[in-house]
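Quick look at what Swiss-Prot annotates:
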- Lys12, Phe60, Arg88, Thr94, Arg105, Asn115: ATP binding site (BINDING)
- His118: active site, pros-phosphohistidine intermediate (ACT_SITE)
Amino acid sequence: MAEVQREFVMIKPDGVVRGLVGEVIRRLERKGLKIVALEMRQLDRETAEKLYEEHRDKPFFEDLIEYVTSGPVVVMIVEGRKAVKVVRNIIGATDPAEAAPGTVRGDFALDIGRNVVHASDSPESAEREIEIVFGKDLSTIDYERCDEEWLYES
């Protein structure tokens, strides 16, 4: 049986102001993932810089930080078996020009700088990003989906 993972997902300002929050959540939930924490907030610069630390030396870093702090974001933790890989498949390639139709970015994004959603790229990144955004004293909701027995083999 595959291990249940937690994945960090953030709907970026372009996704929020374009009214895509419900669409992103719908796709995650219809796949069978559980949302165990969710919040709308305005990222401060310090949090954004920690979140995107790996890009600090890249030429687009400053524009990225300005962008993700420019408007509201929706941050969430989703849970499920192989959640990181499943979410990455749902949202599509980072560059919307390479994202397959049917993915969030393939359907709703045109520019790599405005690609609707961020998700961690590994279980380790997910743990790190969850702690950065939600803090160490994270409180999540534990519940069972009514269709869980139909989603997974034992």
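The backbone N, Cα and C atoms fix where each Cβ goes, and this holds for glycine too.
Counting only same-chain residues at least 6 apart in sequence, those with a Cβ under 8 Å from the Cβ of Lys12 (ATP binding site) are Tyr67, Val68, Val73, Arg114, Asn115, Val116, Val117, His118. Take the recorded positions Arg88, Arg105, His118: by the count of other Cβ atoms within 10 Å of each Cβ, the lowest one is Arg88. Shown are the binding-site residues Thr94, Asn115; of these, the residue with the fewest other Cβ atoms within 10 Å is Thr94.
Residues Lys12, Phe60, Arg88, Thr94, Arg105, Asn115, recorded as contacting ATP, have a largest CA-CA distance of 22 Å.
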